[in-house]
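Novice: Handing you a structure now.
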Amino acid sequence: MSFFFVSEPDRRLIPASGLRGPVPLLIAIMTFVMVVVAAAGLALANTASVVRGGVESRYSIQIADGAAKAPAVLAAARAATGVSRAEQVPPAELRLTLERWLGPVGAEADLPIPVIIDVDLKPGADVRVVSSAISRTAPNAAFVAHRSSLAPLLKALNGLTILAFGLVLLIAMASAAAIILAARGALDTHRATIEVMHGIGATDGQVARLFLRQIASEALLGGLAGAAVAGTILGLILGGAGFATSLAGAPPLQWKDAVLLALLPVAVALLATVVARSALVRALRERL
Amino acid sequence: MLVPWQGGPRRATAWMRGREQRLAGTIVEFDRVGLRYGTGAEVLRDLDFRLNEGGFYFLTGPSGAGKTSLLKLLYLAQRPTRGRMSVFGDELAHAPREALPLYRRRIGVVFQDFRLIRHLSAFDNVALPLRIAGHGEAEVEGPVREMLAWVGLADRASARPPTLSGGEQQRVAIARAVIARPELLIADEPTGNVDAAMAQRILHLLTAMNRLGTTVIVATHDLGLIAATPGAQLIRLENGALVDPTGALRNPPGRPAEQGA
Ligand SMILES: Nc1ncnc2c1ncn2[C@@H]1O[C@H](COP(=O)(O)OP(=O)(O)O)[C@@H](O)[C@H]1O
Ligand SMILES: [Mg+2]
């Protein structure tokens, strides 16, 4: 495509605004917000997937009054086909959790502490086989998937992820609208030049190309600047990634996410160019 | 035979040659053409006329008669609202918009208000039609220098229009209008803003182009100009209608330029 090739004399036709116009700043701000929101969206998506991965195969056996039955159930669970690991949650730990919720009362020994056994299944294991093996040993034991208790959290994470990507789309649309206004403004500013060019036999494509090169380079510059600032700030925030990693079990943003974010300003510049071209050609078509 | 500009070349230069032989024929034909702006009354009514290839025409009439409007139709800046209009043998009243640029490149226009691009040098202004037509810089430099010399502005090539006098701007406008060797040259009151001596010089440029085969149509009130151009034909507009009692415009007699030559 010879689209971006504009010769030196042609460049003189439409003097560059010298990046003093509002377009680069606007694009920079839009791209900044876009990158930050997209990073948040990706981090949420990653967190959700880490959480989902961690609980996907995790179940727990709860026996309300079964301190005596615990060893037998534990043995049955370990023996069941498809179980990779079964471990009783130490009563001290449960009591600590209770205390956190109930205060000092929780620490009092006469409060019945249920037996909880965490069970991890091998991939592809049949849950029903395991659950029936356990209920044969302890009929009143509850066999619960962690997934179902974490469902509200996962749902919220997914919702927030979708919201973040929706926001990115909205910002992209707002940027496109701003580009359309800027393109029309540029045509107005250079109305006299365009009239002369049309009169001499220039096609809409020839006229549009003069503006496009400028809009595209301004959008790319603004986009890169905005993304650079966003990247720096994100880097500083996630710099102590150890903390975030310890929370979620994995870094909230991975390399592939960083590449995706780095491509955003390029995508913004491309979007700006495509939108500007159609806006320019449409505006030019209104004249004879 | 070419009337040289002071200091200009003494004979037809390379870019001008090759246009001297053309068959006489009709280059423009209007058939009951009408024009109205928006919802107003018709400013041009029932225009019926032909222009011969190679002819020299003066378009006269009182101010407001519709001269500029008629020229706008000719240089395809305006579509007729009624009737048929053929230019270079093609019906253009309803031609698709995308077809028009190629026709416009065959027409040179000297606008009443020059319409030079203020931030471009005289050189770049004159070069514009060649560049728009897609000529590379190698094909631009020589002809533009030659053209600027022809209109006597060789030493003002890098000047911007606002720093040029009215007469100089007019000559840049003429150079731009003829640089791409148009088949039809249209000038709207080209001597309206210059003194009598400059008017004579400008007329010389236009007649020189005509001798090389370009059809020329000039809107003017200037009777002196008309008197100084034997062989030119008059088209008179009044109130948006042609004054053509003899029907000579509808069925023109031969090639007018030859009669005076
Ligand atoms: N763009 C326009 N919109 C509306 N009316 C116009 C426009 N241009 C010219 N007119 C009207 O058309 C008539 C002819 O104008 P014009 O062609 O400029 O005449 P002339 O060049 O002979 O002085 C005038 O009444 C003028 O007011
Ligand atoms: Mg006029």
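FYI, residue positions are counted from 1 along the chain as it appears here.
Quick reminder: no glycine exception, Cβ is built from N, Cα and C everywhere.
Sharing the feature lines straight out of TrEMBL:
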- A:21-45: transmembrane segment (TRANSMEM)
- A:162-183: transmembrane segment (TRANSMEM)
- A:167-281: domain 'ABC3 transporter permease C-terminal' (DOMAIN)
- A:219-238: transmembrane segment (TRANSMEM)
- A:258-280: transmembrane segment (TRANSMEM)
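Please situate the listed features within the shown structure.
Specialist: Long-range contacts of the transmembrane segment (A:21-45) within the same chain: residues 157, 160-161, 163-165, 167-168, 171-172, 174-175, 178-179, 182, 215, 218-219, 221-227, 229-231, 233-234, 252-253, 257, 260-261, 264-265, 268, 272, each at least 6 residues beyond the stretch ends and with a Cβ under 8 Å from a Cβ of the stretch.
Within the model, the domain 'ABC3 transporter permease C-terminal' (A:167-281) shows a mean pLDDT value of 85, rounded to a whole number.
Outside the transmembrane segment (A:258-280), and at least 6 residues removed from its termini, the chain residues within Cβ reach (under 8 Å) are 27, 30-31, 34-35, 38-39, 42, 172, 175-176, 179-180, 182-184, 187, 204, 207-208, 211-212, 215-216, 219-220, 223-224, 226-227, 230-231, 234.
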Novice: At a C-beta cut-off of under 8 Å, are there same-chain residues at least 6 beyond the transmembrane segment (A:162-183) that contact it? List them, or none.
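Specialist: Distal contacts: 21-23, 26-27, 30-31, 33-34, 37-38, 40-41, 44, 211, 215, 219, 268, 271-272, 275-276, 279-280, 283.
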Novice: Please count the residues of the domain 'ABC3 transporter permease C-terminal' (A:167-281) that DSSP assigns to helix (H, G, I), strand (E, B) and coil.
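Specialist: Residue counts in helix, strand and coil order: 104 helix, 0 strand, 11 coil.
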